[in-house]
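Encoded as structure tokens, the structure appears first; notes follow it.
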Amino acid sequence: MENLVLQALSGLASASSLFLVASGLTVIFGVSRVVNFAHGSLYMLGAYLAYSLVTTLPRGHLGFWGGVIGAAVLVGLIGLVVEVLLLRRIYRAPELFQLLATFGVVLIVQDLAQMIWGPQDLLGPRAPGLRGSIEIVGMRFPLYELFLIGVGPVVLGLLVLLFHRTRWGTLVRAATQDREMVGALGVNQRMLFTSVFFLGSLLAGLGGALQLPRESVNLHMDLAIITEAFVVVVVGGLGSLTGAALAALLIGELHAFGILIVPKITLVLVFLVMALVLVVRPHGLLGKPEAAARGGQGSAEPVIGPAPPALRWLGLATLAVAVVLPPFLGDYAVSVLTELAIAVLFAASLHLIMGPGGMASFGNAAYFGIGAYGAALAAQWLGAPMLAGLALAPLAAGVFGLLFGYFCVRLSGVYAAMLTLAFAQIAWSVAFQWVEVTGGDNGILGVWPSAWAAPKLVYYYLALALCLGATLFLRRVVHAPFGYALRAQRDSALRAEAIGIDAFRIRWLGFGLAAAAAGVAGGLFAYGKGSVFPTYMGIPRSVDALLMVLLGGVQTLSGPIVGALAFTGLQEQLVRITDLWRLILGCIIVLLVLFFPQGLAGAARARWEARHGDA
Amino acid sequence: MATLEVAGLEKSFGGVRAVQGISFSVRPGEMLALIGPNGAGKSTCFNMLNGQLRPDAGSVRLLGREITGMAPRTIWRLGVGRTFQITATFGSMTVLENVQMALLSHHRRLGGLWRPVARMDAAPARALLERLGMAEQAARPCGILAYGDLKRVELAIALANQPKLLLMDEPTAGMAPQERVSLMALTAQIARESGIAVLFTEHDMDVVFGHADRILVLDRGRLIAEGAPAAVRADPKVREVYLGSGAVTGAH
């Protein structure tokens with residue numbers, strides 16, 4: 001009983017910290033509609049800056065609390081700079097582009113933080129005056145935790161006052177409800193957005209700074225917190241402050257009691273709850289449906305036609321190089337090429353959902369990973385030969401794609417993307433925690449190709465044939481009636497329904513098909529590496545796929561191919577030549593978003609059309 | 001037999017009774033106009049006929065078959081074409097492809113994963129566009145088309161499944177006066193030739209009195225007049241509803 005009370009209290013403390021970060025994220029989203037991946041980086045910077053300030057400033061109350069507040073304000077200013085330099089220029093871009101840009105910031109901050117503070121974990125001092133613990137129901141409870149429990153409600157109260165009692169707050173609420181109307185009434189939106197970004201970043205920084213006495217500061221804090229914060233914000237309802245508070249409470253307590261009751265599935269639990277909430281309430285606990293953007297149909301997506309001759313030749317030339325060159329290359333280069341071929345198919349599978357389908361998926365790695373695990377589990381437990389494993393991979397991925405997709409494709413926009421993320425995390429957690437079957441973090445080793453395909457070169461040709469075949473098949477599908485139906489429901493749901501198209505069915509089957517294709521890529525990857533790990537389904541791999549598609553250009557069929565080659569090649573080269581590959585990649589991403597918002601292939605097409613005239 | 005029979009249709013939104021007990025029918029080849037001031041319930045009525053809204057009470061029958069509460073896509077399959085007040089077409093497809101989509105859906109061939117759309121149902125789609133005077137625009141993307149042309153594309157799409165009934169919500173809104181007359185004349189001609197019943201709403205009284213065989217007048221959710229154009233124009237209740245706007249008397 002006493003244990004439960006303490007557990008509930010520490011749940012409250014976590015909830016409080018989580019709320020600080022999530023409130024900033026939800027306020028920023030409410031006004032600017034930007035899904036800010038870099039919010040976790042701001043949180044991490046808050047912790048690092050607080051560490052530097054607190055350890056430099058004289059010891060004592062002033063030094064500690066001054067350091068914490070100073071760090072929060074500094075992070076607010078950093079957020080302000082990011083907004084002015086980057087986000088301000090891309091508010092009109094599609095939301096996934098904004099996400100890509102903020103992910104570029106994540107990469108940049110990771111390397112900068114490592115340069116400044118080093119790779120080792122840093123332990124900060126404890127808070128003066130709150131070092132001890134007090135006795136609650138006969139058990140010791142840290143004072144600092146108690147203090148944290150208080151911080152959440154106080155910040156919530158201050159924010160509510162700010163939003164309801166000041167003119168600025170009223171404007172923020174108005175902009176959250178209807179941005180265009182606020183603009184039409186003559187409010188300076190730039191100032192409003194910038195100030196909201198400052199506030200949101202400050203909250204993230206404060207959240208990070210307050211963690212200093214609780215846990216060590218490290219370079220993984222950013223992605224760890226951002227997933228949690230996304231969950232809280234989405235469960236609460238995007239843009240809803242009270243919703244975020246409620247969800248933080250729910251998630252915090254879920255963590256605390258989950259460990260007591262079902263320690264085996266703690267990781268899954270949070271995402272299960274998120275999936276459940278989104279299935280029952282598609283806009284979160286307290287969220288409202290996003291108001292449809294006004295201004296009619298907006299910019300129409302381009303028509304899809306047969307590839308121009310120049311592009312065909314370029315494709316054939318690339319293919320010729322891919323076929324002819326490898327025998328003259330070393331094993332390492334051949335395995336890099338194998339990965340490139342797999343990346344192309346992986347990107348193409350996501351592109352089918354995102355481009356023609358018009359849905360965002362943050363969780364495409366799930367199907368890649370399920371394909372890989374399908375093959376590996378069959379090899380380990382059933383002793384299946386390689387070809388059987390490779391056949392099972394798309395089957396397993398497709399079945400799970402249909403299962404998860406059944407829920408995901410009912411939602412739209414950010415919520416749909418978040419539900420795909422939740423399912424991917426569920427898949428990841430199962431692979432991570434179901435140690436008896438999946439080997440957990442150690443993965444499954446010894447997934448080697450059959451003898452005939454064991455030479456690197458032979459396996460490369462096998463991977464090339466399968467990936468190229470599947471990618472060309474997906475391309476063919478886009479030109480076939482099914483692909484047209486996918487685009488039809490994306491272009492106009494109203495018209496699609498009015499000519500007898502069942503949009504749900506089309507989206508659902510499209511999701512399943514894309515998952516199966518990702519499964520092929522995953523299966524090939526498993527045999528290529530000889531092992532599978534939970535990271536195959538991790539968020540970074542899903543983000544990789546997004547980067548490839550967005551880098552290449554969503555609106556062109558060659559986009560994912562170009563993007564996959566560019567991204568994988570670039571990353572491969574950068575990792576080899578420099579330790580600061582994240583920094584450089586991040587900068588490249590940011591510059592690409594700013595100057596090539598249509599992606600590489602999109603930009604190439606725009607130039608081609610400018611020269612040859614529009615059809 | 002009437003193509004469409006509507007009996008006792010009702011719909012409320014909260015406390016507002018948007019449509020109150022409306023009954024009427026449309027015969028094959030007939031052009032029936034549904035008019036009334038803003039907020040009279042025209043659009044609500046329309047959306048219940050094609051399944052976008054579920055009526056609180058009443059029944060809708062197509063060729064004697066009960067279609068009340070069915071999904072729009074099911075109703076379309078039974079032979080109801082629809083054009084929208086604000087055009088809805090597939091912006092990333094050409095004019096021809098838009099019509100092909102309707103034909104492919106009609107023939108239940110949208111599941112195809114292999115044969116390219118370019119070679120499917122192109123000839124009949126072209127023929128439909130020819131009929132509507134849009135053949136020259138066939139290869140242009142719908143996303144860049146002029147509004148008046150989009151209205152014609154919508155009509156071509158609506159005709160693709162050889163409908164028994166056409167529901168047209170303000171078919172000429174946003175068009176130039178010249179275009180309006182020619183589009184409605186064409187619609188009337190097609191309706192008569194193919195025996196299609198046409199129900200349309202319209203604000204332009206020239207269009208209504210020039211092309212409708214019969215007119216229904218709605219006001220605050222109730223049917224207040226019904227009959228031939230001349231009779232409706234002379235109806236004192238209709239004059240009262242439109243009083244001050246001068247729209248009815250100024251029509252000719």
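All residue numbers here begin at 1 and follow the chain in the order shown.
A Cβ is built for glycine as well, from the same backbone N, Cα and C atoms used for every other residue.
Copied over from TrEMBL:
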TRANSMEM  A:6-29  transmembrane segment
TRANSMEM  A:41-58  transmembrane segment
TRANSMEM  A:64-87  transmembrane segment
TRANSMEM  A:99-117  transmembrane segment
TRANSMEM  A:191-212  transmembrane segment
TRANSMEM  A:257-280  transmembrane segment
TRANSMEM  A:388-407  transmembrane segment
TRANSMEM  A:414-435  transmembrane segment
TRANSMEM  A:458-478  transmembrane segment
TRANSMEM  A:508-527  transmembrane segment
TRANSMEM  A:547-568  transmembrane segment
TRANSMEM  A:580-600  transmembrane segment
*Among the ranges A:6-29, A:99-117, A:257-280, A:547-568, A:580-600, the one whose Cβ pairs under 8 Å to the transmembrane segment (A:414-435) are most numerous*: A:257-280
*Any chance the transmembrane segment (A:41-58) and the transmembrane segment (A:458-478) have 3 or more Cβ pairs under 8 A, given the pairs are 6 or more apart in sequence?*
no
_Can you work out which residues elsewhere in the same chain, 6+ from the ends of the transmembrane segment (A:508-527), have a Cβ less than 8 Å from its Cβ atoms?_
338-339, 341-343, 345-346, 348-350, 352-353, 356-357, 359, 361, 364, 366-376, 386, 389-390, 392-398, 400-402, 404-406, 408-409, 447-449, 453, 459, 462-463, 466-467, 470, 473-474, 477, 482, 486, 536
*By a Cβ-Cβ criterion of under 8 Å, what residues six or more beyond either terminus of the transmembrane segment (A:64-87) are in contact with it?*
32, 34, 38, 42, 45-47, 49-50, 53-54, 56-57, 98, 101-102, 105, 125, 127-128, 193-194, 197-206, 208-210, 212, 590, 594
*By a Cβ-Cβ criterion of under 8 Å, what residues six or more beyond either terminus of the transmembrane segment (A:547-568) are in contact with it?*
94, 96-97, 100, 103, 301-302, 304, 307, 311, 315, 339-340, 343-344, 346-348, 350-351, 354-355, 471, 475, 478, 589, 592, 598-605
*Is it the case that the transmembrane segment (A:257-280) and the transmembrane segment (A:99-117) have 3 or more CB pairs under 8 Å, with pairs at least 6 apart in sequence?*
no
